[in-house]
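Shown next, in structure tokens, is the structure this report addresses.
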Amino acid sequence: MAQMNASVRRASCRASSAPILVERIGRIDYVQAWERQREIAAARAEERGPDTLLLLEHPSVYTAGKRTKPEDRPTDGTPVVDVDRGGEITWHGPGQLVGYPLVALNDPVDVVDYVRRLEEALINVCDQFGVHTGRVAGRSGVWVPADDRGIERKIAAIGIRVQRGVTMHGFEINCDADLSFFDRIVPCGIRDAGVTSLSWELGRTVSVAEILDVTERAVLDAIEGVLPLSQRDARANAAAPQREDVTFALDAPLLPGR
């Protein structure tokens, strides 16, 4: 049984104490949302706009981060959008809630802490729906432990970029997504694990709309430090860490004075 260690309460990881603006966009083309991210992030870096959380879905699309290998791409020639986040290749589509927090981080920037906060938020969401999850050493995201139903499987993925001290990209959590789209790629470059969804784990349909409120609250609480960081290990036997997957990219200096 996976272990749940003591939780650690932390302060906010943001540079600002002003409220985070939340935009629920609905379904939007990936490139269009990416352009929206860049606009918001630039405004935030120049102190012209607030920290913002975008919550949305995408039409079906594959996106490839900076570490994607040719052999991990779709075998059928399906188009892929190459993006400026860390990590490798993944799929976005209907039935998957995507979140893009665009926030100015405290100086000095602690990217690992920020990623762990996003993981904690998604672990909390899964807990609220009765799905036990945790972290896997050396691999970002949120995982369901191996059990009599299947191998270790990822239920939520994280891939970010930090530029001028402001975060971009973010997370995805599978609700009632068509998981067959992951069969055409090597998700996140990981060959020895599976992909799952809340619906598959619970044996009932869990829609994006059903988890929207819970996810928004959990992400905001994790960023602000209201939701403590746990040390939840998804692996029953605490296996040795596998290769370290790079899930983030850090570019450009912080703003002067930050």
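Even glycines carry a Cβ here, placed using N, Cα and C.
TrEMBL labels come from automatic prediction, so no person has curated them.
The active site, acyl-thioester intermediate feature in TrEMBL is assigned to Cys188.
Annotated substrate binding site per TrEMBL: Arg85, Gly86, Gly87, Glu88, Ile89, Thr90, Trp91, His92, Ala157, Ile158, Gly159, in sequence order.
Taken from TrEMBL, the feature domain 'BPL/LPL catalytic' covers 47-227.
For Lys154, the entry in TrEMBL reads site 'Lowers pKa of active site Cys'. In the three-state DSSP scheme, Lys154 (site 'Lowers pKa of active site Cys') falls into the strand class. Lys154 (site 'Lowers pKa of active site Cys') has a Cβ environment of 25 other Cβ atoms inside 10 Å.
For the pair formed by Arg85 (substrate binding site) and Lys154 (site 'Lowers pKa of active site Cys'), distance between Cα atoms is given as 19 Å, rounded to the nearest Å. As a whole-number mean, the pLDDT of the domain 'BPL/LPL catalytic' (47-227) in this prediction is 91. The secondary structure of Trp91 (substrate binding site), as reduced to three states from DSSP, is extended strand.
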